[in-house]
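Undergrad: Next up is a structure, given as structure tokens.
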Amino acid sequence: MPSIPANYPPDLTSSEGERLVEVVKDWASAHGLSVRPPPTVVSAEADPAGILSTAVPVTLFPSPFPQICFDQGRVVQKAYNELYAAISQDEEFLAQIVKDIGDSDEFIAELWKVHLKVKEEGYAQHLSLGLFRSDYMVHQSTPEADPQIKQVEFNTIASSFGGLSYQTSALHKYLAVNEYTLLEKPITQGQLTLPTNLSTRGLAAGIRQAFLAYGPSVTSHPKCVIFLVQDGERNVFDQRHLEYEVQAPPATIPVFRLPYSQIMQHTRLAEGEGERSGRQLLYSSPQLPKHTFEVAVVYMRSGYGPGDYTDASAWDARYHIERSAAIKCPSVLTQVAGTKKVQQVLATPPDASSSEPPILGRFISSKDDRNTQRIHHTDDTIAALQRTFTNIYPLDSSPSGQKARAIALDEEQCRSYVLKPQREGGGNNIYRSAIPGFLKSIPEAHWGAYILMELITPPPVHNTILRLGRLEQGGVICELGIYGTCLWDQREKQGRGIVMNEQAGYLLRTKGDKSEEGGVAAGFGCMDSCALVGRGHAKNSGERHD
Ligand code: ADP
Ligand code: MG
């Protein structure tokens, strides 16, 4: 590997900073590395037609990231895809998870009811699509030890930023060729190792494969893909990049954006009318009154949190989608598989007194890999997955739950932990010293709906973030996401019946080291890409404290 310059990323002179701001903000607008502006920047009154966009916050340099950690994440992704397909296939396991979370979490309880209702009449579609993203931070147990990745969370619904991530890698590659070479302390082109990132193409390929696997239209209508989105979505261009890639020739696929709140107005299930009824989901839009489409794939970029379920009719809409013959990304079962409770159950070792075998053995079994014609070695796969786990505890009355309660309520120990509810989308966690007070403020009977997770503390890295036209320089924390796509038959068990399993590019999100949350859309983090480094650099940068 070529050696990265010492003290990378470099400190910039003020004129270098000015130039990079100009170059990056224009490149971002020209290539759609953008979001709708936050209301704090442009009020709704100032932009009533919603015509404005703005560059997404981004680092001026790709952050140094250990190559061995990057490889570790990529290599383990297919095992993760298979693991979560297998969990989704294991209704009995998920039923226990929902029970453990308890009724205090109404959202999860309602979601489960949707599944039970559809199960009663029988599912009309057995194929399930996962566009996953497994998120990690770098962990180094001692300065001498090799860094490794530890999982922050596994996303099974609305795994976002694939579109913008590809663009960010492209931006940094552009800068490496055209700008970094001109700096006062120039970085020559060969000095940076910038990995290929096909996130948009990889995710789109997953949707396309599901579209094909759906089979021919059963009704007289052409097939389409629906992106189920939120009203007023600011991260719309990230989604658009993915849409354009799904629609790209030669096999042009019609894609429509449908706000979650309008499901019932614009879709119905086929029944009679000359259409053979198998609960095919039909989509028609008042904007295109002459056209009706049979929906092959529903890709959800909404519906992951209570905010989209404002009343009972929103739950009816989810039930309507779930019972349809469209391939869901994700199904309700796959969404529940992505809860933090599942992650905790996978990571918490069995109590010493228990004779139960490790839980991963329930999902990962020896089987032929259709793609490589090789037999998986179960023990190796399980060990590779386990290496990415960090300590996570339940807060129930089990022995490990009791241990966790003591930690969570202790003013000193709680500082190394984060408390998480069963929510997605950022802004829901309780950090460090806020944990004891928060727990005491809610009934003890509700504690089981939370998990307690050890904080991962990656070695310090420096960078400069361009946010809303201004530069922020200082210590940053990077979070690597690896995308994966998987299509499987829900009637099988233990990850059998997988028809597609691919690793699909990466995301690097970076935040200032004073911020707890890292969500780009939530306004805390920024987009980044990886400049891969060997072991030496991780150590050196760990010694910088400015
Ligand atoms: P969400 O579903 O809301 O994205 P996450 O589990 O990803 O929830 O947590 C949100 C953010 O909080 C992460 O992106 C990360 O910045 C931070 N975070 C969560 N868990 C940890 C952890 N164990 N160690 C360090 N940071 C964490
Ligand atoms: Mg997250």
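All positions are counted from 1 along the displayed chain.
Backbone N, Cα and C define each Cβ position, glycine as well.
Automatic prediction, not curation, is the source of TrEMBL annotations.
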Undergrad: If TrEMBL says E153, N155 bind Mg(2+), which of E411, E412, E424, E444 does it name for the same site?
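TA: So, going by the record in TrEMBL, that would be E424.
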Undergrad: Sequence gap of 6 or more, Cβ distance under 8 Å: name the residues on the same chain that satisfy this around A158 (substrate binding site), in order along the sequence.
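TA: Listed in sequence order, they are M300, R301, S302, G303, Y304, E424, G425.
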Undergrad: Enumerate the residues of the same chain, E153, N155, E424 excluded, that satisfy the criterion Cβ within 8 A of the mean position of the Cβ atoms of the recorded Mg(2+) site; list them in sequence order.
TA: R133, D135, F154, T156, I157, S159, G338, K340, G425
Undergrad: Just to verify a number: CA distance, G427 (ATP binding site) to R234 (substrate binding site), in angstrom, no decimals.
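TA: Between the Cα atoms of G427 (ATP binding site) and R234 (substrate binding site), the distance comes to 16 Å.
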Undergrad: Which binding-site residues among R133, E153, A158, R234 have CB under 6 Å of ligand 1?
TA: E153
Undergrad: Kindly assign S160 (substrate binding site) to one of the three DSSP-derived states: helix, strand or coil.
TA: coil
Undergrad: Which binding-site residues are spatial neighbours of E153 (ATP binding site) here, meaning Cα within 10 Å, out of R133, S160, R234, Q239?
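TA: Those close enough are R133.
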Undergrad: Counting only residues 6+ away in sequence within the same chain, which have a CB under 8 Å from the CB of P421 (ATP binding site)?
TA: D105, K340, N428, N429, A449, Y450
